[in-house]
Amino acid sequence: MEMKKRISLELRNRTPQEVAELVVDNCRSSCGDVEGLTDDFKELEFLSMVNVGLTSLSKLPSLPKLRKLELSDNSISGGLETLSEKCANLTYLNLSGNKIKELSTIEALQNLKSLNSLDLFNCEITSLEDYRESVFELLPQVTYLDGFDAEDNEAPDSEADDEEDEGDEGAGPLGEYEDEDDEDDEEEEGSEGAEEVGLSYLMKKGLQVRIFCCLCHTEEAGVRGEKRKRDAEDEGEDDEDDE
């Protein structure tokens, strides 16, 4: 899909002035330059043009509020001075996978005074001797290069932090639901316990009834036996009397 058409679709019935984030990854620039973006996108803060076939940034419009720019996997080899002219407030720039070979190419980024994070991973420049030390010296405003600072500490993941914050915000309602579930579980356990107690009670009562019946039966049998014994003795006495 051509870049112009993709940008048109991404607007989704909005005006360019209403767009703060724009992602047009994997579309195609017909001339190797930025197409379809105009100065009307003055509220744009995040722009991603990954793998769109860019070779130049000369037609990039003025984007004064742009903070994050993703340009990885293109064929850009120079002309980075356009960024300081058109996107002076950049704090994050990803140029990984481009054709940047020399330190002199990124020297133009010195004018991006707010640039905090720069990614040049998979560019030929990374094979230079003392690459990292040289870039940090050339661009003192940069804290993170290819995801790590000068002391090899990894850059914080802002997306992960956002997700954690969202998770914390949702903790209250989830906690309430969990409490309700716990109460339901307790009620179910209580009812099950009551059933068990009831069954035990009935079984116990049934056992007592059976024992009582057995005792009664035994006692009755004993009485009947004693009665037969007495009757037999009485008959024996009567027979003696007859003699």
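One is the number of the first residue shown, and numbering goes on along the chain from there.
For all residues, glycine too, the Cβ spot is worked out from N, Cα and C.
The following features are taken from TrEMBL:
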- 128-146: domain 'U2A'/phosphoprotein 32 family A C-terminal' (DOMAIN)
- 149-197: region 'Disordered' (REGION)
- 149-169: compositional bias 'Acidic residues' (COMPBIAS)
- 176-195: compositional bias 'Acidic residues' (COMPBIAS)
- 222-243: region 'Disordered' (REGION)
- 222-232: compositional bias 'Basic and acidic residues' (COMPBIAS)
- 233-243: compositional bias 'Acidic residues' (COMPBIAS)
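The helix, strand and coil residue counts that DSSP assigns across the domain 'U2A'/phosphoprotein 32 family A C-terminal' (128-146) are 8 helix, 2 strand, 9 coil. Long-range neighbours of the domain 'U2A'/phosphoprotein 32 family A C-terminal' (128-146) within the same chain, counting only residues 6 or more positions beyond its ends whose Cβ lies under 8 Å from a Cβ of the stretch, are 96, 103, 106-107, 109-110, 112-121, 155. Restricting the average to the domain 'U2A'/phosphoprotein 32 family A C-terminal' (128-146) gives a pLDDT of 97.
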